[in-house]
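Presented below is the structure to which this report refers.
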Amino acid sequence: MMGSSREIAIGPVAVVSMLLASLVPKVEDPVTNPNAYRNLVFTVTFFTGIFQTAFGVFRLGFLVDFLSHAALVGFMAGAAIIIGLQQLKGLLGLSHFTSKTDVVSVLASVYKSLHNQIAPGQKWNPLNFVLGCSFLIFILITRFIGRRNRKLFWLPAISPLLSVILSTLIVYLSRADKHGVNIIKHVKGGLNPSSLHQLQLHGPHVGQAAKIGLICSVIALTEAIAVGRSFASIKGYHLDGNKEMLSMGIMNIAGSLTSCYVATGSFSRTAVNFSAGCQTAVSNIVMAVTVFLSLELFTRLLYYTPVAILASIVLSALPGLIDLSEACYIWKVDKLDFLACIGAFLGVLFATVEIGLLVAVIISFAKILIQSIRPGIEVLGRVPRTEAFCDVTQYPMAISTPGIIVIRISSGSLCFANANFVRERILKWVSQDEDDLKETTKGRVQAVILDMTNLMNVDTSGILALEELHKRLLSRGVELAMVNPRWLVIHKLKLAHFVDKIGKEWVFLTVGEAVDACLATKIARA
């Protein structure tokens, strides 16, 4: 109700559930100490809400953007495979399974189970596999039908519920639980009790809970905002990311106090919401009331529900998380983006979720660093019969003025990271042009014009580089001119007395004016 999205549907999602299931057991074992494990989950949810609320209050939405689209594509694909492998426990009817999430450990555990290399009574049961696969195929078929016929959009939406009902009836009527089919058995009903007294805010695991909460908060916000923006763009309205963060944070804080774990925006449920024609967030209220009624009235009916059917429902949701076409598109467009994508994918798949996210963020930062260290620098020429000056590499028809080099700095900032690179590149071009002019007996370079239209800022290192460039050019008898520097740039250059050094008459509004002034000076000297 506090957010700005009209369509987003809130609830547990596969990726965040997998995050909790992979990170929390490293701190507390759910088998040997289930109460401590549950309390830690509530504590993680509380910290997730705190971080999300802080992001919204302090308008730190830009932090979510450090997980680039490419990194998320790789992360989601790796997470989907890990989630799918984890579901083999329920699909095969195994009572014991590895707690690790990397693909090698999971496949090794499955191999041992299939080859009877575990203790008696813990072997896999084919009936679980047959039942789970049958309903997995049923769910996938209904999804295919729903995509082919838009009028039947409701069919894939209710197919998981139909699968639970039908599989429960089959097990109950055939007494399949007596023949090795694993069932859920007792499910505690009723509304969620208060969990305020279960939060571990003073124990030895507070730091670890906060770390897991931070990871979950970023992933949950990234997914929710991505989902919300996708459907907001379809409806043609603006989504306020900071409002979404604040609402998600307060929601998860409230959830941590009422026996809930981390929830966020679900793409599949939001798609159903959108297809059903929802217009406001009231759809979430209807969904919540339905959940309340189910907790009060229907939990007893889940006693004979097979565990394999739950695994098949989760598995049916995973193909949507693996977007091969998007990965191919990223490869075609930007190889560094693809490196972040594949780094996140392999990190999640062969290490841990944290490693995958860390690899993705490191590669994204490295990309930003490379782009800032080697900014775009272009030599400009005049397009014939116009006053426009364009990059001579992109527009071969653009003509360079003999003896005058026009250079555009496309970087947003001239700073310590790229100042020396820019200076040396300009001096190299001056040397090359002088050599070319000597060969063609057209004289020498007499002026360098810096187009600063795209330069948003300059630091002390950038100013020192410009001063050094000016000195080196003067030693060659070459004038330095500046074109259209931004207010912040010219203000700093005035404070550093650089404008006085080159002369105010060498600062121009347009490249054309600068070229004409340099030509007039050249003629006067001649």
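Even glycines carry a Cβ here, placed using N, Cα and C.
What TrEMBL records for 411-518 is domain 'STAS'.
Annotation comment: TrEMBL describes 37-58 (among others) as transmembrane segment.
Only residues 6 or more beyond the boundaries of the transmembrane segment (70-88), in the same chain, are considered here, and those with a CB under 8 A from a CB of the stretch are 14-15, 18, 21-22, 94, 97, 101-103, 106-107, 110, 222, 226, 311-312, 314-315, 318-319, 321-323, 326-327, 330, 334, 337-338, 340-349, 353, 356-357, 360-361, 363-364. Per TrEMBL, the feature transmembrane segment maps to 70-88 (among others).
Sequence annotations record features per position, and here TrEMBL assigns transmembrane segment to 127-145 (among others). Sequence-distant contacts of the transmembrane segment (127-145) (same chain, six or more residues past either end, CB-CB distance under 8 Å): 90-93, 152, 155-156, 159-160, 163, 166-167, 170-171, 176, 179-182, 306-309, 311-313, 315-316.
Listed as Cβ neighbours of the transmembrane segment (152-173) (distance under 8 Å, sequence separation of 6 or more from its ends, same chain) are residues 131, 135, 138-139, 142-143, 145-146, 181, 183, 272, 275-276, 301-302, 304-306, 308-309, 312-313, 316. Under the heading transmembrane segment, TrEMBL lists 152-173 (among others).
For 209-228 (among others), the entry in TrEMBL reads transmembrane segment.
Annotation source TrEMBL lists transmembrane segment at 249-268 (among others).
Only residues 6 or more beyond the boundaries of the transmembrane segment (274-294), in the same chain, are considered here, and those with a CB under 8 A from a CB of the stretch are 1, 3, 5-11, 150, 153-154, 157, 191, 231, 234. Marked as transmembrane segment by TrEMBL: 274-294 (among others).
Among the features that TrEMBL reports, transmembrane segment is placed at 301-322 (among others).
Per TrEMBL, the feature transmembrane segment maps to 342-366 (among others).
Looking at the domain 'STAS' (411-518) alone, the prediction's average pLDDT is 89. Taken residue by residue, the domain 'STAS' (411-518) breaks down under DSSP into 62 helix, 16 strand, 30 coil.
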